[in-house]
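As recorded in Swiss-Prot, the features of this protein are as follows:
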- 28, 35, 39, 154, 155, 156, 157, 158: (2R,3E)-phycoerythrobilin 3 binding site (BINDING)
- 50, 54, 61, 129, 147, 148: (2R,3E)-phycoerythrobilin 1 binding site (BINDING)
- 72, 77, 78, 82: (2R,3E)-phycoerythrobilin 2 binding site (BINDING)
- 72: N4-methylasparagine (MOD_RES)
């Protein structure tokens, strides 16, 4: 897992060069937006249970067969596993947003996820739909447009961070589809 700083140093070291120019400008921007980044992560994690439960509920509303006796969300145990998986994905997205790097998400969450779900018979389209609902909710919290929020969210233009969060969810969708 690399954060924004480690990534810049590693890249410069691999070229046997000093850190400078565009790399320093990118780090300056990362630092200047640090409070927005922290507030964005806080707004997501403070509303994590709502984001995940809304995503799973939305997925089930669109595909009620998931809670029928042969469905993948039938029984409390399977529903709990579905909610747990959503929480794990959201947690790793928040880690990626905090560090400004997707490697923690890719290495510790997405690696082998599609194969695991396939072996369990979990429908990829339902998973992808739940992730897209989580994406919409998380972006709304970062942009301060969510209707239900537990705390104040980042002030100022957070469209760049919202886009970054959306990109992390897109990686999840691509990994499970």
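Backbone N, Cα and C define each Cβ position, glycine as well.
Here the CA atom of residue 147 ((2R,3E)-phycoerythrobilin 1 binding site) lies 18 Å from the CA atom of residue 157 ((2R,3E)-phycoerythrobilin 3 binding site). The two recorded residues, residue 54 ((2R,3E)-phycoerythrobilin 1 binding site) and residue 78 ((2R,3E)-phycoerythrobilin 2 binding site), show a Cα separation of 17 Å.
Ranking the binding-site residues 35, 39, 129, 156, 158 by the distance of their Cα atoms from the Cα of residue 78 ((2R,3E)-phycoerythrobilin 2 binding site) places 129 first.
Each residue in 73, 74, 75, 79, 80, 81 lies on the same chain as 72, 77, 78, 82 and has a C-beta within 8 Å of the C-beta centroid of that (2R,3E)-phycoerythrobilin 2 site, without being one of the site residues. The separation of residue 77 ((2R,3E)-phycoerythrobilin 2 binding site) from residue 61 ((2R,3E)-phycoerythrobilin 1 binding site), Cα to Cα, is 19 Å. Within the same chain, the residues at least 6 positions away from residue 72 ((2R,3E)-phycoerythrobilin 2 binding site) whose Cβ sits under 8 Å from its Cβ are 66, 78, 82, 121, 122, 123, 126, listed in sequence order. Looking only at other Cβ atoms within 10 Å, the busiest spot among the binding-site residues 35, 147 turns out to be 35. Checked against residue 129 ((2R,3E)-phycoerythrobilin 1 binding site), the binding-site residues 28, 35, 39, 77, 158 differ in C-alpha distance, with 77 being the nearest. Distances between the Cα of residue 77 ((2R,3E)-phycoerythrobilin 2 binding site) and those of the binding-site residues 35, 39, 50, 147 are shortest for 50. Distance noted between the C-alpha atoms of residue 147 ((2R,3E)-phycoerythrobilin 1 binding site) and residue 158 ((2R,3E)-phycoerythrobilin 3 binding site) is 17 Å.
Counting every protein chain shown, 18 other Cβ atoms lie within 10 Å of the Cβ of residue 129 ((2R,3E)-phycoerythrobilin 1 binding site). With respect to their backbone Cα atoms, residue 39 ((2R,3E)-phycoerythrobilin 3 binding site) and residue 50 ((2R,3E)-phycoerythrobilin 1 binding site) stand 17 Å from each other.
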